[in-house]
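In what follows, a structure is listed as structure tokens, so that the remarks can point back to it.
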Amino acid sequence: MKFYFPLYYLFISRIKTKHERVSWLIIFPLFLLLTVCLFNGSILCFFIAFVMTMSLYEIGYFDNDFRTVAKEKNPTIRADENRDWLKKRLFSIISVRIIITIVLFIFLFNRSDSHQQILLSVLIAILIAGFYFHNTLRSRCNVVTYFIIVTARYLIPAVAATDSIYYQSMIPFMIFIFPLLRTVEHACKDKYSFPAIKKIVRNPDVFRVKWYIALTFILVIVYFLSANSIILNFVALSTYFLIYRAATLYVSKSTRILRTKHQSYNWDKDEK
């Protein structure tokens, strides 16, 4: 029964360890909640949009784990213990997720201005299409589709909960703060064969700290040149990520706690 509710499948199939769950909480929902608060957005709309987004996002996970893997030579099998149970009830689980998404979308749509309604609709359509192609294609194109779905995942709750007057600057910032960085890291997977990108990244923990130092530095300069309070909010959000990534770098170098190593990247030989 738990699989009918958003987030449960995510924690069972993708984010399994306590460290991964804390990290996910900090870099995704808490970051977005902080963004909404800084821009005087609706916390209610944020939580509703977040549940809607994850309900839809997990449909993409189900599609990957039960449709896509059937076509792969060496698939990653997830939720092994519950797989048979899920197969029998997959249609009903996805149907419930679709109903949840539609109901919550209607609620948000009725509380939004025209700009929000258009952008929210477009982003949801992009997320659906992006996930379909991400689960269907098996090539370097998956780097692009990955960027699309991660960007949509971050933008939908922010767009649904904040005023449209902020979108012109908020959307580019939201892309740089996480989706673009994460896509660069994703492109380092061995299956994509981008050695030049992997050589630049080398150590993901160090690369993330450098990324946020550079982003924060640029935003501070822009703020002093413009004295724009919106930019100051971006500085605060970038600093939030910088502090977390610096702490993660410290932890990753600790002999007591090691971050999760993913075999698809083979970072070990590059992390020096």
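Any Cβ shown, glycine's included, is placed from N, Cα and C.
Taken verbatim from TrEMBL:
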TRANSMEM  24-51  transmembrane segment
TRANSMEM  90-109  transmembrane segment
TRANSMEM  115-134  transmembrane segment
TRANSMEM  141-159  transmembrane segment
TRANSMEM  165-184  transmembrane segment
TRANSMEM  205-224  transmembrane segment
TRANSMEM  230-251  transmembrane segment
Comparing 24-51, 90-109, 141-159, 205-224 for Cβ pairs under 8 Å with the transmembrane segment (230-251), the winner is 205-224
Taking the transmembrane segment (141-159) as the reference, which of 24-51, 90-109, 115-134, 165-184, 205-224 gives the largest number of Cβ pairs under 8 angstroms? 115-134
If one takes Cβ-Cβ under 8 Å and requires six or more residues beyond its ends, the residues near the transmembrane segment (165-184) are 27, 31, 35, 39, 115, 119, 143, 146-147, 150-151, 154-155, 158-159, 197, 201, 208, 211, 215, 230-231, 234, 237-238, 241
Beyond the flanks of the transmembrane segment (24-51) by at least 6 residues, Cβ under 8 Å: 6, 15, 100, 104, 107-108, 111, 153-154, 156-163, 166, 170, 174, 177-178, 233, 236-237, 240-241, 244
